[in-house]
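Peer 1: After the structure tokens below, expect a handful of questions from me.
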There are 4 protein chains.
Amino acid sequence: MGGSYKMFHELDDWMKEACGVFGIYLKDGDNTSTEAARITFYGLYALQHRGQESAGIAVSNGQEIILHKAMGLVSEVFSPDVIAKLAGHIAIGHVRYSTTGESHLSNAQPLVFRYLKGMVALGHNGNLVNTTELRTRLATLGSVFQTTTDTEVIANLIARYSQNPLKDALVKAMIDIKGAYSVVLATEDRLVGFRDPMGIRPLCLGELEGNYVLASESCALDTVGAKFIRDIEPGEIVIIDSNGLSSHKALYSTRRAHCIFEYIYFARPDSTIDGTNVNRARRAMGRQLARENRVEADIVISVPDSGTSAALGYSKESGIPFEEGLMKNRYIGRTFIQPTQKMRDTGVRLKLNPVVETVRGKRVILVDDSIVRGTTSKKIVSMLKGAGAKEVHVAVASPPTICPCYYGIDTSRREELIAAKMNVEAIREFIGADSLHYISVEGMFEAIENSRESMCAACFNGEYPIPVDD
Amino acid sequence: MGGSYKMFHELDDWMKEACGVFGIYLKDGDNTSTEAARITFYGLYALQHRGQESAGIAVSNGQEIILHKAMGLVSEVFSPDVIAKLAGHIAIGHVRYSTTGESHLSNAQPLVFRYLKGMVALGHNGNLVNTTELRTRLATLGSVFQTTTDTEVIANLIARYSQNPLKDALVKAMIDIKGAYSVVLATEDRLVGFRDPMGIRPLCLGELEGNYVLASESCALDTVGAKFIRDIEPGEIVIIDSNGLSSHKALYSTRRAHCIFEYIYFARPDSTIDGTNVNRARRAMGRQLARENRVEADIVISVPDSGTSAALGYSKESGIPFEEGLMKNRYIGRTFIQPTQKMRDTGVRLKLNPVVETVRGKRVILVDDSIVRGTTSKKIVSMLKGAGAKEVHVAVASPPTICPCYYGIDTSRREELIAAKMNVEAIREFIGADSLHYISVEGMFEAIENSRESMCAACFNGEYPIPVDD
Amino acid sequence: MGGSYKMFHELDDWMKEACGVFGIYLKDGDNTSTEAARITFYGLYALQHRGQESAGIAVSNGQEIILHKAMGLVSEVFSPDVIAKLAGHIAIGHVRYSTTGESHLSNAQPLVFRYLKGMVALGHNGNLVNTTELRTRLATLGSVFQTTTDTEVIANLIARYSQNPLKDALVKAMIDIKGAYSVVLATEDRLVGFRDPMGIRPLCLGELEGNYVLASESCALDTVGAKFIRDIEPGEIVIIDSNGLSSHKALYSTRRAHCIFEYIYFARPDSTIDGTNVNRARRAMGRQLARENRVEADIVISVPDSGTSAALGYSKESGIPFEEGLMKNRYIGRTFIQPTQKMRDTGVRLKLNPVVETVRGKRVILVDDSIVRGTTSKKIVSMLKGAGAKEVHVAVASPPTICPCYYGIDTSRREELIAAKMNVEAIREFIGADSLHYISVEGMFEAIENSRESMCAACFNGEYPIPVDD
Amino acid sequence: MGGSYKMFHELDDWMKEACGVFGIYLKDGDNTSTEAARITFYGLYALQHRGQESAGIAVSNGQEIILHKAMGLVSEVFSPDVIAKLAGHIAIGHVRYSTTGESHLSNAQPLVFRYLKGMVALGHNGNLVNTTELRTRLATLGSVFQTTTDTEVIANLIARYSQNPLKDALVKAMIDIKGAYSVVLATEDRLVGFRDPMGIRPLCLGELEGNYVLASESCALDTVGAKFIRDIEPGEIVIIDSNGLSSHKALYSTRRAHCIFEYIYFARPDSTIDGTNVNRARRAMGRQLARENRVEADIVISVPDSGTSAALGYSKESGIPFEEGLMKNRYIGRTFIQPTQKMRDTGVRLKLNPVVETVRGKRVILVDDSIVRGTTSKKIVSMLKGAGAKEVHVAVASPPTICPCYYGIDTSRREELIAAKMNVEAIREFIGADSLHYISVEGMFEAIENSRESMCAACFNGEYPIPVDD
């Protein structure tokens, strides 16, 4: 049991992260039971794709909050012995993936704090854009920080306003913070969820045998057997306690800005977010892509698994048969064994291997969800040609990624985004494809079926709904 | 570092197991280099689907054999520190999955032995059918056993014949043992592979920059950048040393008996085994299944991932569109957290979740690779109906599994095989499907394209190529 | 890597603890070198007796502070890999033993904080008596707390005063806090040590090849090869930076109150604290004990190891020969294996075993350093009688422990202190000794050679130098 | 859970080791109870000083033998979860310290084997001298070896003779093996102990509430609450089963050869071995040493802990007062952190620190149990002088160690034994002492009180009771 921590001198350090949150309030909950913790465990299990680096659960037994968190997958972090200590009728959970090289136990969530009014546990998905300013302001007032998370900033703000009732303190804190946030919060006797005024990151509400559940994605509700009720509204606070649920519209914005990348890549296909099923959106994007770019070919294949939905849509629209042309090794874990030079040259084979019989002599359309830096696409194209593909046409189910995300998804720095530096033809040449096709921004919006005013597509069009300092 | 071992009083205990083996001989190998071990690491990585319980690598540096093995996935068992100790120009590796509850480090492979002629390391895939008899015979001669593996029996036989040259000792041992075996073996200066006279389990030979490689499946050759040369022949011994490769036809059988289950479920789709590509075979079985059983439906879906190839074949043949109707949680690890009662009832949701939008109101054909005990199928059908599927027709890309396997694949005991106890209609009723269709035994053989005389399909037709005592 | 944390609703929870601290500033320090961390590692090694539950080291490389801490012994917490990450020219370290059942990674030290002026790491030995008041005051101002340590309170106070230069902020914080504290603190470019105005817990200054070292006890200086310079004065702040050492007399008290229990039991015999060598003090107490209580006996034995110094003094004064009558198992680690009933009855045998030949038929004087609850003494007396001792006379080298400690040493709660409930004769009867002798309070002071005005002996005489609320 | 194994090409590799063994047979034992395992756990705990590298327990439940072993201390290897799996009425245990750099889980004991008659578990303390010959003989007959332990050789011999009843097979095996051995052995329904014909290594019998117990030393009997009955006779086999205990005098030798080093250093002082209490022997050696070598001095100090008994004897005989002049760090664990150059020069300080006040200005007699290579003595003398000792006279409670041990105690290779290369004066000069005194061989025998014919003192006089090949 231990932990290495590295902390930075700067009061802020752009820690863009991908995360998932979950919470449950068992209304007739027995505080000696671990049921809330176990349901949260399985909720996090279903959200594991949102963060594989650390996991944590905090439970409240009405008197105090008990926390366990560690680096690792949900199934590694929680053993029966650990769960046995997490008795209580309220639980929140968090999975986290830090996109920087720096990832520490001290930044794992939930964070638990004691303040004037008692204890509070918080789990946060998103990224604030005014953290530097808030930290400086708080530090001037005497705050100290033990982590580099936005979550600690939010907790300090709530503490600043702690002379007010919790709801009012939350509203005041929400007024101060700018950026993307979907937060689950537990006190000794309440479960709270709140979402930024544009609804950038997802958060939904479900019901499990009469109890309220909060989750980043609906697939977590399904997994624990809960029924989807509705998405938390942008700017809404829901407070669940022994009196049931109360909803407060804390902040109002005319602009909604649901992250379009959730649909393209990040969320699980069986989730429905803000009214749109992810799988349906991906298929629709595949179909739209086929409509926009007619290519003569023998087969459509995908980069598994995230490109498969779009590839099936593409196949259906174009009439070109879908085949499994690339096999994925399902057991890829973290490995630090140095490959040989030969393996390094064809690195992607460790993850993906072409089915030679399927692609040999064929004109292949390779559908991928997105191209970020282009290096992986280059290797896959080369591998397919090496396996005998006559032509490889790359079709991308999202537009060129030209701008970085500041709201909680790691899309790399601008200088690493290939589409920020090259035009389509140059990218095609770089990856060695016979042709390269992106869906258009217009086509993407059409496929998603949400009005473009309700989405954030800044990574594709540079229209940031919230101004970013720096 | 440790290990709990349990050993049994009986001299034999039917430890059916699934395994993968790999070996490499670097002809100009530097004995201070870990290249052979690192290539073997990646080879095992590619074979991880054949065994997830333990992994091991033994290297020979010309003087001695050094071994590391442990319980866990390949990426868990080998760290750079561990690999650093495995310098030598010959390496063999093994992954193992024990299908019994009893699985111990002492049974992990490779096993390393010292005998009259020096040291030998062995890794075995398969299952012998006369182990009891052999153990008794050897024990009467004074042998002791520290494991319950067939591998230890093979090693003791080689030691018995150690007055002979290695090749002759191997031939004599092969005469004694009955059953399925594909073995890789390393001495201080040789790499050896041998395969049972009917070729039940796969074993192939490749070439990597002038060096010979042995692997259970060709996908492991691809992963390390090796070129496929040929399958090891049934009954063949290949010995690789500083003089190159020599082949010896040790045993001859008129009957070949390649395991048909490798094509149906066990092997990776991108592997080609004994001349047949696995993906192609699965697609062909899906097509054949569709030809044999015409069903009216709106969509074809699969049980991912092993049912997908067949489902795509089914879709193509039938013209009914393929959709992703079930999403799989890719992060399922070992978990021992007790689910709630509700989760237990719908247990499969932790692994699979229906895409409601895709299946709601639809007549669904669900393609699976096989049905063993029927309980999982029952849960999936129920889950699909719960998601709103109007009809669920189950199409199985293998015939009813009516007999247990004694040659190294766990198909459960006979009394657990639902098709050994019920007819198709009873199974259909049990799993709650609207209709249930199996491919015919004839159709399966036709799809695989190998003559039925060259395959073992005992689990489907009870025709065991090697008599089993007991 | 992980950690279970339990946090309490109350803002304070009397976490009395025993701890050791160490710090070093390498003046020509290479910030890419781990020398400071390695010296600190060995310093903590020498202080391990002051806390066996968690260990931590924080280093400053001039830009930032890097921390590693974990539950376990120093040798378990730090591996070469971990040390390799701790490069920097300033290091502080901490070992901790929590005397409550609740001990968590989150309470392990050093704690590292970022505040307005940058980063700061703190390690604390002692216990504050006005934590509740300070926490409430800070919480009212908006502070949040992530641990239950006094250290976090001190850090928050420093942050409150952060508009001032560090030295002034420290003085202001020292004015606020009441109780026992010896603190080592590191910023990006300074090493600081400060001690409460009565000097309750020890802290000394040494010199290692021109560099300053701080340590709880002089034995840690010896271990790393440093020379003892002097004790840090009560109420003194020393600040070490690139300009050398500056000393500031922050607080002044007419009363010194060095903890007498350090000499009796807690410190290592080879340490010299505030001018008195621990071994010499213990021997003197043994001699004084013999002078005060003449007992006819054949041999003097000790409860190893802490009773041996006093027993040797007792033997010398009384002329009764010292023998090793009890052997200690040196390998006692944490074990949670349930002993049998028989072992439970004689539990102490797992730790101590009588040398039968030595004690059989003898009149034995058993010298122990102190009696807290009496249950262990009872078992030892019974064990010696069982081994054939004719008489067992217990001589205790400290007076009856009648009051709990509030300044950082766990002497159990008042209701558990046997001497708080019974007179000497009743204790004698309880433990089954033939006679029982304590050193007198006067005799103890005389033996220690320090004036009674300079010591805290509250646990023996109830004269608490600092009033305790509650 | 894992293990790295290295195996050697040579059939033998002089693996001198120090070990401890324990065994218990619960006659009314409940095979679902873990009582036998728990008693064995505590027995090994008491024998931990005999081996700190690996620990193991094998239990028999009447049907089969279950084993757990791992690298580490007893308290690290066994958790409640592990013990819970070790139900059965017979248990044997083993602790091991390999004196070579090569120490592997595969060599940890007990070893468990299946042979013609069932299962057998063995734990061995000692060292055979004809292992090479036995291994070659067995290998010629077809045996294979998976470890480099003598124990595996013994097991193979028993298996060779397995057509005979167990007792006869044991006798035949004992006829074959030459060297030192005290073995505990368990079958499904018997507990067996046997000892080499000269009784080189210790083994004793005890009784715990009507049940028989075997242990390397009597301190283990004390710890578990058992009563000492007698030592196992040289050449004796005791077999304990449901009919009670039967004794068989298997081999007879006119020569006894109890290892004298057990008394000098290896055994625990509270143990009584072959009639002589270890503490008494050590004190007697200290007295004898003082009688043989009169030295003018102020104080007697010891190298703790093993030199303390002799130092007390020396002090008593000489009238020079005993003082604690060196303090030992009780928490020395395995550490691999690189000390600084300064620490390396005075390396011993990490373990031992002088009490300056005690030794300053004094003429010191330093009593140690033995000098092997002389380097540690040199450092201690230098450290004492550095602490101000006026003179340092070294008195060694054993004669010069001139020959290596081949019977199971690591006394280093001959070329490392300083007394094999230098005379006393040269050693004195090397270690920097003012005078150096060894006890005489005659004096040692007198002190031990056993006739010299009953002891092995080969390391001091080169008279090896059993010829050693090579």
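Positions of Cβ are set from backbone N, Cα and C atoms, glycine also.
Sharing the record's features from TrEMBL:
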ACT_SITE  D:C19  active site, nucleophile
DOMAIN    D:19-243  domain 'Glutamine amidotransferase type-2'
BINDING   D:C259, D:C405, D:C456, D:C459  [4Fe-4S] cluster binding site
BINDING   D:S306, D:D368, D:D369  Mg(2+) binding site
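Any idea what these are sitting next to in the structure?
Peer 2: The number of other Cβ atoms within 10 Å of the Cβ belonging to D:C19 (active site, nucleophile), over all protein chains shown, comes to 25. When secondary structure is read from DSSP and collapsed to three states, D:C19 (active site, nucleophile) falls in the strand class.
In sequence order, D:M198, D:I200, D:A257, D:H258, D:C259, D:I260, D:Y407, D:Y464, D:P465 constitute the residues six or more apart from D:C456 ([4Fe-4S] cluster binding site) in its chain with CB-CB distances below 8 Å. D:C456 ([4Fe-4S] cluster binding site) falls within a strand segment according to DSSP.
Around D:D369 (Mg(2+) binding site), taking its Cβ as the centre, 24 other Cβ atoms fall within 10 Å, counting all chains. DSSP classifies D:D369 (Mg(2+) binding site) as coil under the three-state reduction.
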Peer 1: For D:D369 (Mg(2+) binding site), which of the recorded positions D:C19, D:C405, D:C459 has the nearest Cα in space?
Peer 2: D:C459
Peer 1: Out of D:C259, D:C405, which of these binding-site residues shows the lowest number of other CB atoms within 10 Å of its CB?
Peer 2: D:C405
Peer 1: Find the shortest Cα-Cα separation between D:D368 (Mg(2+) binding site) and the recorded positions D:C19, D:C405, D:C459, and name the residue that gives it.
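Peer 2: Comparing Cα positions, the candidate nearest D:D368 (Mg(2+) binding site) turns out to be D:C459.
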Peer 1: Give the distance between the Cα atoms of D:S306 (Mg(2+) binding site) and D:C459 ([4Fe-4S] cluster binding site), rounded to the nearest whole Å.
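Peer 2: If we compare the Cα positions of D:S306 (Mg(2+) binding site) and D:C459 ([4Fe-4S] cluster binding site), the gap is 18 Å.
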Peer 1: Let me check the 10 A CB neighbour count of D:S306 (Mg(2+) binding site). How many other CB atoms are there?
Peer 2: 18
Peer 1: Which is it, of D:D368, D:C459: the one of these binding-site residues whose Cβ has the most other Cβ atoms within 10 Å?
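Peer 2: Of the binding-site residues D:D368, D:C459, the highest Cβ count within 10 Å belongs to D:C459.
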Peer 1: Can you tell me how far the Cα of D:C405 ([4Fe-4S] cluster binding site) sits from the Cα of D:C19 (active site, nucleophile), in Å?
Peer 2: 14
Peer 1: Would you report the average pLDDT that the model assigns to the domain 'Glutamine amidotransferase type-2' (D:19-243)?
Peer 2: 93
Peer 1: How big is the gap, in Å, between the Cα of D:C459 ([4Fe-4S] cluster binding site) and that of D:C19 (active site, nucleophile), rounded to a whole number?
Peer 2: 19
